[in-house]
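Input: a single structure, listed below in structure tokens.
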Amino acid sequence: MESLNALLQGMGLMHLGAGQAIMLLVSLLLLWLAIAKKFEPLLLLPIGFGGLLSNIPEAGMALTALESLLAHHDAGQLAVIAAKLNCAPDVHAIKEALALALPSVQGQMENLAVDMGYTPGVLALFYKVAIGSGVAPLVIFMGVGAMTDFGPLLANPRTLLLGAAAQFGIFATVLGALTLNYFGLISFTLPQAAAIGIIGGADGPTAIYLSGKLAPELLGAIAVAAYSYMALVPLIQPPIMKALTSETERKIRMVQLRTVSKREKILFPVVLLMLVALLLPDAAPLLGMFCFGNLMRESGVVERLSDTVQNGLINIVTIFLGLSVGAKLVADKFLQPQTLGILLLGVIAFGIGTAAGVLMAKLLNLCSKNKINPLIGSAGVSAVPMAARVSNKVGLESDPQNFLLM
């Protein structure tokens, strides 16, 4: 009988909580969206599968060594940790003390848990290497840079303002998060509001990078919101684009762009990095990797490296990045009122970014003879290449011969 009881207690099903059951369903939903609906499958599939692994009871695949210790509830071990943190020897008090502790102290407690015989789960290790260090988003930016052609931007520099205008969604989201906090609806700190704000840029790797630095406790919700809304761009953007433009404006045909020389394309990433990094050194890691990838593409002398970064390397890193984000889809971190606020602010941010880009294009048309089709303003958000395809599709609905992607 004791053996049977031990067998039952060893089954994960006996320890399945309501929160874990909900998160397993959320993870299955992400897998369904990726496979059946093809919504950002390259990231939603590994994120969803990582969420499944993270919420298997008693497996501890997403737990650090210290989190495993706290989950074990050994009174003697809790007392040792509590003595180091100078707090009460219970799990809740220890978690609160850790949240306020310096990173160096948190690292010491993690090492102490390892010394007591606990080991981090595989997903926790993936997170530490891929996101905790900031490496994965940087490598992805290198790959994106290697896939980017700046020719159209250099040929028509005015379009830079469309991308700038679309970033209004970021500022609107930050202000929205702080407003929710001010009225006591949902609690957000300034770093958390800043991390949430990046959703408005429709840029998944940047959202992951910054939330990992500013608000790692919100990373799962922010990443899921960012990539879910990027996948929903074909549903979110067209109504806004049509509401802000007339039929005549949607039929505007843009003039043929000038030819951009190879020298211009080579100099652009170097000059861009020097100018921006000297003014904003904090942007140097992301921008540096992006410009390096673009320089490899345009130089034409390292085609093997450029091909590797565009294909093999970025694909490998995407796998580990998705699984690492899935490690944050654990019930106690995801099922919070903040998650609902993040999802709400995210869709509002996308709408504001889209509208701002379209309105900026209309403003530029007031002071220029060479008209810009306002529909391309919605492509100012960073949902690449989905936003550009949506702009082209809406343009073709008004004029079947007007190919805005060209």
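Every residue, even glycine, has its Cβ placed from backbone N, Cα and C.
Annotated features in TrEMBL:
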| type | residues | note |
| --- | --- | --- |
| TRANSMEM | 12-35 | transmembrane segment |
| TRANSMEM | 42-66 | transmembrane segment |
| TRANSMEM | 125-148 | transmembrane segment |
| TRANSMEM | 160-183 | transmembrane segment |
| TRANSMEM | 218-245 | transmembrane segment |
| TRANSMEM | 266-292 | transmembrane segment |
| TRANSMEM | 312-330 | transmembrane segment |
| TRANSMEM | 342-364 | transmembrane segment |
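Contact between the transmembrane segment (12-35) and the transmembrane segment (312-330) is supported: at least 3 Cβ pairs lie under 8 Å, counting only residues 6 or more apart in sequence. Sequence-distant neighbours of the transmembrane segment (42-66) (same chain, 6+ residues past either end, Cβ-Cβ under 8 Å): 10, 12-17, 20, 23-24, 26-31, 33-35, 81, 98, 106, 109-110, 112-114, 118-124, 127, 204, 223-224, 227-228, 231, 318-319, 321-331. Count of Cβ pairs under 8 Å against the transmembrane segment (218-245): among 125-148, 266-292, 312-330, 342-364, the largest is for 342-364.
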